[in-house]
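Now, the feature entries from Swiss-Prot:
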| type | residues | note |
| --- | --- | --- |
| BINDING | His8, His10, Glu74, Asp193 | Zn(2+) 1 binding site |
| BINDING | His16, His41, His195 | Zn(2+) 2 binding site |
| BINDING | Glu74, His102, His132 | Zn(2+) 3 binding site |
Amino acid sequence: MKFLVDTHAHTIASTHAYSTLHDYLNVAKEKGIKLFAITDHGPDMADAPHFWHFVNMRVLPRIIDGVGVLRGIEANIKNQQGDIDFFGDYLKQLDIVLAGFHEPVFPPSTAENHTQALINCIESGKVDIISHPGNPAYPIDIERVAQAAAKHNVALEINNSSFLTSRKGSEKSCRAIALAVKEAGGLLVMGSDSHVAFSLGDFDKAVEVIEAVQFPIERLLNRSPEALLCFLSARGHDSLDEYADLV
């Protein structure tokens, strides 16, 4: 199966990434990708875009040359309370909100602290997807997190870059997460976590994890633009009508 939806990509607005929105659009058209999200790092990261970057995403057309572009963020989980570095009504202006641990903002701690931070973040209702929860630098109680995510309709990400250039040693935990989410009746999403446009929509390693645990395709958000958009609508994002031509 070819997956035509990517929920995790960084532009040069995050200065450790190397591609523009136009670069991503060109690659999306070449690969046949129908919908992707721009999710630059939240403001608490040292090289993140200014807060205004996210506020002003309203100027972006939602469909460009036949490709849907979701206005998003990869926010930083800041503390054990599960707080993130984006807030209030501004969150409602975004189409998709990812959040995860990043060492400059939340230094690795204990498994219990990591677990409680993720559960609190999930329960806050502010976040749609937990990014790279399989990072071995942040061990968690996988079953508790998977159950909380399923209960609150939050997706957990299998991050393809975790098997390539980042977060080495993620394979075991990602497989355990996929299995736990399957058993909890929850949702998974694959993210390329692209920091350069060439890798947009690349999920080869993530697909291996999904297939290894025989994860139900009907609970994988990448299966179609419609699946992701329905999920986001159910999560309370109410500005998605402009994407109707994609489904």
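Note that Cβ sites are derived from N, Cα and C of the backbone, with glycine treated the same way.
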These are the binding-site residues: His102, His132. Which one scores highest on other Cβ atoms within 10 Å?
His132
From the Cα of His16 (Zn(2+) 2 binding site) across to the Cα of His132 (Zn(2+) 3 binding site), what is the distance in angstrom?
18
Between the binding-site residues Glu74, Asp193, where is the Cβ count within 10 Å the lowest?
Asp193
With a 10 Å radius around each C-beta, find which of these binding-site residues (His8, His10, His41, His195) has the fewest other C-beta atoms nearby.
His195
Given the recorded Zn(2+) 1 site (His8, His10, Glu74, Asp193), which additional residues of the same chain have their Cβ within 8 Å of the Cβ centre, ordered by sequence?
Ala9, Thr39, Asp40, His41, Leu98, Ser131, Gly191, Ser192, Ser194, His195
Between the Cα atoms of His195 (Zn(2+) 2 binding site) and His10 (Zn(2+) 1 binding site), what distance do you get, rounded to the nearest Å?
5
Of the binding-site residues listed as His16, His41, His102, the one whose CA lies nearest the CA of Glu74 (Zn(2+) 1 binding site):
His41
Counting distance between Cα atoms, which of the binding-site residues His8, His10, His16, His41, Asp193 is nearest His102 (Zn(2+) 3 binding site)?
His41
When you measure from the Cβ of His16 (Zn(2+) 2 binding site), which residues in the chain that are at least 6 apart have a Cβ under 8 Å away?
His10, Asp47, His195
Near the Zn(2+) 3 site, what residues other than Glu74, His102, His132 in the same chain have a C-beta no further than 8 Å from the centroid of the listed C-beta atoms?
His41, Asn76, Leu98, Ala99, Gly100, Phe101, Ser131, Asp193
Cα-Cα, whole number of Å: His8 (Zn(2+) 1 binding site) versus His41 (Zn(2+) 2 binding site)?
10
